[in-house]
Amino acid sequence: MTNGKLILLRHGQSEWNASNQFTGWVDVNLTEQGEAEAKRGGELLVEAGVLPGVVYTSLLRRAIRTANIALNAADRHWIPVIRDWRLNERHYGALQGLDKAATKEKYGDDQFMEWRRSYDTPPPELADDAEYSQANDPRYADLDVVPRTECLKDVVVRFVPYFEEEILPRAKKGETVLIAAHGNSLRALVKHLDGISDADIAELNIPTGIPLVYEIAEDGSVVNPGGTYLDPEAAAAGAAAVANQGNK
């Protein structure tokens, strides 16, 4: 049987990526650059001959639009798209909407990095009546509890079981699956796929708009640990830019 493929695609640059704000579950749109990144992501899929048969994405427009733009560029606009909240970005709690550089200056490097990159320390909770709360957002009406904050461990807990149950079986059958999601939901997935430790995951940065392809064997194992970026040079530069967020 031919190996299946998982295509991990972080959404293109969003408005708050550009303004260096913590975004989380706030539903901001793509910038023009983000749209171009999504289009280029789809073109890279065509150039590599890696064409998805199904897409999984979040309930946030920056990921949904990235998927749609990439699929149009790859002439795969007709394939099924499944949207689920468990692919959402990590909820950044009371940090949502704050400028990253200003937050780092106010709280110091150590606290900033603990909130941003530690595995199991969430930021302070966001009040239900706060400006950027999702407590009354109709798209989350079926959730027993809408998150008020999350650490990366929380994202692993919500996303990985869904991946194991809904997405991985497709890849094990030889399908090619596009996962259009977010920096931290994809970090959670890569941690799982590559067995990255809780400490080492802090060093992993996912660039926007560049497909990362994992080959999956029939038994569900990863054939190419670490995955393969379809534009390695751009991916390295993009990851470095993500790591630098918070600096003026």
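Glycine is no exception: its Cβ is also placed from the backbone N, Cα and C atoms.
Swiss-Prot annotations:
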BINDING   10-17, 23-24, Arg62, 89-92, Lys100, 116-117, 183-184  substrate binding site
ACT_SITE  His11  active site, tele-phosphohistidine intermediate
ACT_SITE  Glu89  active site, proton donor/acceptor
SITE      His182  site 'Transition state stabilizer'
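Known features from Swiss-Prot, placed on the structure.
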{"residue": "Arg10", "record": "substrate binding site", "Cβ contacts under 8 Å, 6 or more apart": "Thr66, Ala181, His182, Gly183, Leu186, Ile206, Pro207, Thr208, Gly209, Ile210"}
{"residue": "His11", "record": "active site, tele-phosphohistidine intermediate", "Cβ contacts under 8 Å, 6 or more apart": "Leu30, Gly34, Ala38, Leu60, Arg62, Ala63, Arg65, Thr66, Ala180, Ala181, His182, Thr208, Gly209"}
{"residue": "Gln13", "record": "substrate binding site", "Cβ contacts under 8 Å, 6 or more apart": "Leu30, Thr31, Gln33, Gly34, Glu37, Thr208, Gly209"}
{"residue": "Trp16", "record": "substrate binding site", "Cβ contacts under 8 Å, 6 or more apart": "Phe22, Thr23, Val26, Val28"}
{"residue": "Gly24", "record": "substrate binding site", "Cβ contacts under 8 Å, 6 or more apart": "Glu89, Arg90, His91, Tyr92, Gly93, Leu95, Gln96, Tyr132, Glu150"}
Once the DSSP letters are reduced so that anything not helix or strand counts as coil, what is His182 (site 'Transition state stabilizer')?
coil
Sparsest-packed among the recorded positions, when each Cβ's other Cβ atoms within 10 Å are tallied, from Arg90, Lys100, His182
Lys100
